[in-house]
Amino acid sequence: MKRFLDEQVYPHAVSVLVIFALTLGAYLHIWGNHFQVFWDDNMYVTANEAVRGFSLPHLRSAFTSNYAGNFAPLHIISYMLDYTFWGLNARGFILTNILLHAANGVLLYSLLSRLGWPKLAATFSALIFCLHPVQVESVAWISERKNLLAMFFSLLSFLAYLRCQNKRWHEVKGAYLLSFCFLVLALMAKSIAVVVPCLFFLFDVCFLEKSERNKQLVGIIPFFCAALLMAWITIVYQSHGDTPGVGGGRIGYHGGSPLNTALTMLTVLPRYLALLFWPNGLSAMYDPPVKTGIDLAVVAGAVLFVLLIAAGITLYLRGKRELAFWYAVFFIGLLPVSQIVPIATLMNDRYLYFPMLGAAPFLGALLFRVVVINKGKLAAASVAGAVMVAACFGLSYARGAVWENDLTLWSDAAAKAPNHPVALYGKAQALQNAGNLDAALPLYLRVLSLNPRHADTLIHLGALFRSKNDPVRGRAYLLEVTRYYPKFARGFLDLGTSYYLTGEFEAAEQAFRQALALEPKSVEALTQLGTLCLRTKRLDAAREYFEGVVSLGGADATVEYNLACVESLSQRPDEALKHLKTAVQLGFTNTAEIEQDPDLAAVRSLPEFRQALRSPGH
């Protein structure tokens, strides 16, 4: 143990502490940020029953549910752990993200140290990885935990893989199996980890002799098989259906063809490189123009692309294998988001999280190679490195504040991408959630001018006018939703609510029934139908709907109260009092309604009625 501590722990303690301390310093101020409830955090966490503690049904859901086109069970399981300790307090979820990101920096440092890097160069590279402002999105956004987890297990897999170099099978089989298991865990966190076997292959090409390389290549085959399986699962999960909220981000080719998509991505690549060296204008949403022909931007991007390939080949052929490896890692990390399989978003900060695994060490090797080639330049390289680290620290610290809540994030995004429907919609729904309906309305209308079929905007406009006590005006938007998306249950639920509020019960029931037909286990549809039938005094039907809610585990205080009303009107006092007592126990505290509701008149004079009101919790 003493030898292990002396050789493996103590020499690196200062570097590890510096990496952790600076990463925590740059990010801990976001600890008080909130869930981005209108951008995936609701789907993954706040409205996701499956994350509320560990149980077999929750674990089953993690492995079988499609979350925005992602098969990422480990991602969901990590939220279960957060919930166990923190409940739905966003602070705990954000803290986990910060600690995971810092741990990834330490693992990168460990990887570079294992490769024989000097402490200063390894520490600098890890700090650039942790503190570069393009990383903020992956840390501050709770839903992007999957990026952090995938990197964590990918680095562990890489470290274990290094132990397999130049050794016999019986010496390395434990490390080999460990590396494979870590890769599987990385793949179960996010499909971006499909690039990891490519990194192993590239590492062997750059660092091993040909005789050893051939042996290693056979060992990588199972890794590639696992990656290909995950790639296939992801493509299936990412299939974009005709119903909003169903399926993932896979779409048709941008500009209508693979060629136009490729032309567009030639203009995105320079923007990514610019963000690495001058991270100005970072945004949750970018709006690169889709190209349908060749223009100056496309030509410039194509020339840059050719030069970048030539530079990588030159590094390799001139024996600069280490530089060539990290250089190539950056571009391999971009492959899954390069629109080879087209996805909805062309460009995001989070898409650079894995490429930074190559960019940060490449910069570290480039900067501190000066020390090797030109003796006595250590001080100059160290000063330059310190300036870069300090700049990254300051920019990341400032960027973190933008992620404080929905309104701060989407106000920033809408200012930087003023013609992007998602950015405008994000700001509009944040304003609506804050109660500023008049400011939200023109933004929603602007979204519809850009995309008349934007389902979320149409739904929110219906809700906005309901909040203004003008459901009829909002109904036109809800009718558009049901016309564009006839299999979208949410549209019919909101349309039914609109009709219900204006007393058009027949039309409301028709809409609610359509929603239930689309989602037969919809607690909301059953509840709405039960409420409508109670209102129209169809008591047997109301009872059936409310009992359906109970059978699905969706009963709450309001459902139990409504069942009490149904049974009271049905002249079944014992059943009515039982449900009333349960409603009070579950938190129904509207004493005025209980005392005055005519539906409870049949039981109000009974002595048991007062006993029900005195139930615990009332």
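Including glycine, each Cβ sits where the backbone N, Cα and C put it.
Now, the feature entries from TrEMBL:
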- 421-454: repeat 'TPR' (REPEAT)
- 489-522: repeat 'TPR' (REPEAT)
- 12-31: transmembrane segment (TRANSMEM)
- 90-112: transmembrane segment (TRANSMEM)
- 124-142: transmembrane segment (TRANSMEM)
- 148-164: transmembrane segment (TRANSMEM)
- 176-202: transmembrane segment (TRANSMEM)
- 217-237: transmembrane segment (TRANSMEM)
- 258-278: transmembrane segment (TRANSMEM)
- 298-317: transmembrane segment (TRANSMEM)
- 324-345: transmembrane segment (TRANSMEM)
- 351-371: transmembrane segment (TRANSMEM)
- 378-398: transmembrane segment (TRANSMEM)
Candidate ranges 12-31, 217-237, 324-345 - greatest C-beta contact count to the transmembrane segment (378-398) (under 8 angstroms): 12-31
Cβ pairs under 8 Å between the transmembrane segment (217-237) and the transmembrane segment (176-202), at least three: yes
Residue distribution over DSSP helix, strand and coil in the repeat 'TPR' (489-522): 27 helix, 0 strand, 7 coil
Recorded stretch, among 90-112, 124-142, 176-202, 298-317, 351-371, maximising Cβ pairs under 8 Å relative to the transmembrane segment (258-278): 298-317
Top Cβ-contact partner of the transmembrane segment (90-112) among 12-31, 148-164, 176-202, 298-317, 351-371 (pairs under 8 Å): 12-31
The transmembrane segment (351-371) versus listed stretches 124-142, 148-164, 298-317: most Cβ pairs under 8 Å: 124-142
Long-range Cβ neighbours of the transmembrane segment (298-317) (under 8 Å; 6 or more residues past either end): 206, 263, 266-270, 273, 291, 323-324, 327-328, 331
Leading contact stretch, 124-142, 148-164, 176-202 vs the transmembrane segment (12-31) - CB distance under 8 Å: 124-142
For the transmembrane segment (124-142), sequence-distant contacts whose Cβ falls under 8 Å of one of its Cβ atoms, 6 or more beyond its ends: 15, 18-19, 22-23, 26-27, 30, 33, 35-36, 39-41, 44-45, 90, 93-94, 97-98, 101-102, 104-106, 108-109, 112, 117, 148, 275-276, 279, 282, 284, 348-350, 352-353, 356-357, 359-361, 363-365, 367-368, 385, 388-389, 392-393, 395-396, 399-400, 403
